[in-house]
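Only one structure is covered here, and it is reproduced in the block below.
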Amino acid sequence: MSSGGLLLLLGLLTLLEILTPVSSKDRPKFCELPADSGSCKGNFQAFYYNPDQHQCLEFIYGGCDGNANNFKTIDECKRTCAA
């Protein structure tokens, strides 16, 4: 391959890297878990990361059990899972 072809390939790979969003391999695995309100009957505002919509969404948390995809603030959810 000529040096021009190699430079073109390098440029295309660099562009691909820049345009590719953060990979799911870079976020914690628990960010892929579904929202889980838990087994208690509380009524607490919480947030979870929805991997299909690529955003943090609100849900009602019961106050116990559930899973790790559960954040008190949307900012905490974004910092952990959507970055």
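Here the Cβ of each residue, glycine as well, is placed from N, Cα and C on the backbone.
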Exercise for review: Could you identify, going by Swiss-Prot, the member of C77, C81 that forms a disulphide bond with C31?
Suggested key: C81
Review point. Based on Cα coordinates, which of the following disulfide-bonded residues are within 10 Å of C77 (disulfide bond): C31, C40, C64?
Key: C31
Check your understanding: Which one, from the disulfide-bonded residues C40, C56, C77, has the smallest tally of other C-beta atoms lying within 10 Å of its C-beta?
Key -> C40
